[in-house]
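What TrEMBL records for 12-33, 45-69, 89-113, 134-156, 188-211, 232-259, 265-292 is transmembrane segment.
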Amino acid sequence: MFSQPYEELYNRILDVTALVHVPIKLFAMVIVFRYSPKDMRYLSFFLLNAMFWNFMANFLFTFIHLYPMYPAECFRADGIVSLLIDDELFGQVMFSLIFIAIINCAIALSYTFPYRYFVFAYPHRMGRVRPMTIFTFCGAVHLFASAFVVCSFFVWRESYNSYPEQRDLPRRELLFCFQPHGWLKNTIVATFLTLIFLVTAVAITFCILLFRSIRRQEGILERNFLDSHRRVLVTMIAVTSVPITLGGIPLVVALITAARPDLPYAQEICMVCIVILTNHGTMYATAMILVLKPCRTAAHSVISSLLCFKNHPVQPINLYGVRHVK
C-alpha cells in the first residue's frame, strides 16, 4: 500500500498524534471549563468553543489520515477507516467534516476579540444583550459556515471514473478526488483563503481597538479595572497567537498546494502542513492552561496527584458519635 518510504512514517506520526493529543485536549477543556477566572467567565466559553472545534478535527483525524496524491487533485483515505470501508463518497464526507471543524475553529478564534472589545468599550449596551442572544448568533455563523463547506465540497467533488486527467491518477484503492481545474475550483480555494485572512484580520483589528480603548481610559477609570482588562487582553493574545501561527500558516500553505498540486514538492509540503495542523492544537491547549493561573494551578494539582508527586494527608472521619460520660 505504501509507495513511498515516508508514507508509513506519516501514518504512524498521525497515529501517535491521535493517541497523545486527544486525551490532552479533553483534559485541557475540562480544566478551562471548571477553573477559568470569574472575570473571564463568558470569554472562556468562546475559548472553549475554539478548543471544541480543534478537538473535533483531531478526533476525526484519529479515524482517517488524509494523504495527498498530487499532482492529481486526489487524497487517499488511510487510517482506521481504510480497514473498514473503501468508498469515494465516504472519503469526501470525512474530508468535508474535517474542513468544517478547521474553518469553525478559525471563526471561533475570531469571536474573542470583538466580544471583549464591545464589553469594554460599550458596557451598558452589552449589558442589555442577553448571553443567549450572543451564543445564538455565534451558532448561526457556525451553521452557515458548515453549510458553505458542505456545498463547496459537494459541487467540487469528482468521481474516479470521470476524472479528466486519467494519466495522473494512481490506483483507485481508498481514493477520492476533486475537480483539478476550472473556475469552480479556483473560486472555492480563493474563498477559503479569503475567509482565513478575514478572520485573522478581524482578530488583529479588534485587538488593536481594544488596546487603544484601554489606553484612552487611563486616568479616567480605576487602575484595577484597567489592569484586569489589560491582563485579559494579554491572555487572549498569548492564547490565539499559537493557532494563528501554527494553524493558520500551514492551512494557507496546504490550500495553495491544493490549488497548484503540480508545484515541485507540493505533496511533501502538504503532508508537513497536515502534521503541523494535527499537532498545534495541543500547544494551543497547553498555552491556554499556562497563561490562566487558576487553570495552571488546577492542572498542576491534578497531574501531581495522578503521578503521586504529592501525598495528601488523610483526614479522619468520625463514623460514630461517642458521648463521654463522666
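Just so it is clear, glycine is given a Cβ too, placed from its N, Cα and C backbone atoms.
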If you count Cβ pairs under 8 Å, which stretch among 45-69, 89-113, 134-156, 265-292 touches the transmembrane segment (188-211) the most?
-> 89-113
Other same-chain positions with a Cβ less than 8 Å from the transmembrane segment (134-156) and lying at least 6 residues past its termini are 45-46, 49, 92, 95-96, 99-100, 103-104, 107-108, 111, 115, 178-179, 184-185, 188, 191-192
